[in-house]
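Database features (TrEMBL):
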type	residues	note
DOMAIN	42-189	domain 'HhH-GPD'
BINDING	C191, C198, C201, C207	[4Fe-4S] cluster binding site
REGION	218-239	region 'Disordered'
Amino acid sequence: MTGEPMQPDTEWILSTLAELYPNPRTALHFETPFQLLIATMLSAQCTDKRVNIITQRLFPRLGGPEDFLKLPQEALEDLIRDCGLYREKARNIRETCRLLLERHGGEVPARFEDLVRLPGVGRKTANVVLANAFGIPALAVDTHVFRVANRLGLARGRTPEEVERQLTARIPRDRWIPAHHWLIYHGRNVCHARSPRCEACPLRPECAHARAQAAGTGPAAWAGERVAGGSGAGARERT
Ligand code: SF4
């Protein structure tokens, strides 16, 4: 006996999630990489539903970085006020638009290193844009992915970056994009933060958290239930 926790069957978990959630895609509405970048920046600590309401009135008026820059900071703040942190988001969006024009010809770059140099764009936002706007394999870790992956035992990390590293090592590259969506759906539908519905969960046979509960060690035995240092995957990124 090594004392090492039992490893869950990754393949079985992924195929079960694929059956449960056959159409994995982002809930954010967008038509262009630029729109997805803005929507993802707005979604920090805000629901996708609220972001979609805001972008529905934003995007028809503001088609690209130039349009956002023409708008004074206060006017942009008014338009995005409902999504919280609106002053900071408006500032970051305007600066990002300026840098897109200055460095990238007004286009959203399809490189992680370029994306994370934009203000308000962290690993998670960059990975969301790469995966959903460009189809480039990436696995963004938000609060749902962080929680569900740790509970299942697919990862055992204290930071989103650790969890991302472990998940991308464990999950085949061609399933990084759907795996991100599957874990989010499962976190929203079944594996809730406060009261996971383990009795009804199809993943229960392979879930480390469920096993720990059955063994009487309980959920507190599992590190990384919450993102270290804040409520979201990166203090200013979407949860
Ligand atoms: S068994 Fe419980 S803790 Fe494990 S994934 Fe399902 S809902 Fe989450």
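Backbone N, Cα and C define each Cβ position, glycine as well.
Listed in sequence order, H144, R147, V148, R151, R197, C201, L203 are the same-chain residues at least 6 apart in sequence whose CB falls under 8 Å from the CB of C191 ([4Fe-4S] cluster binding site).
Compared over the binding-site residues C198, C201, C207, the count of CB atoms lying within 10 A of a residue's CB peaks at C207. Within 8 Å of the centroid of the Cβ atoms of C191, C198, C201, C207, where the record puts [4Fe-4S] cluster, the same chain has further Cβ atoms from R151, L152, V190, P196, R197, L203, R204, H209, A210.
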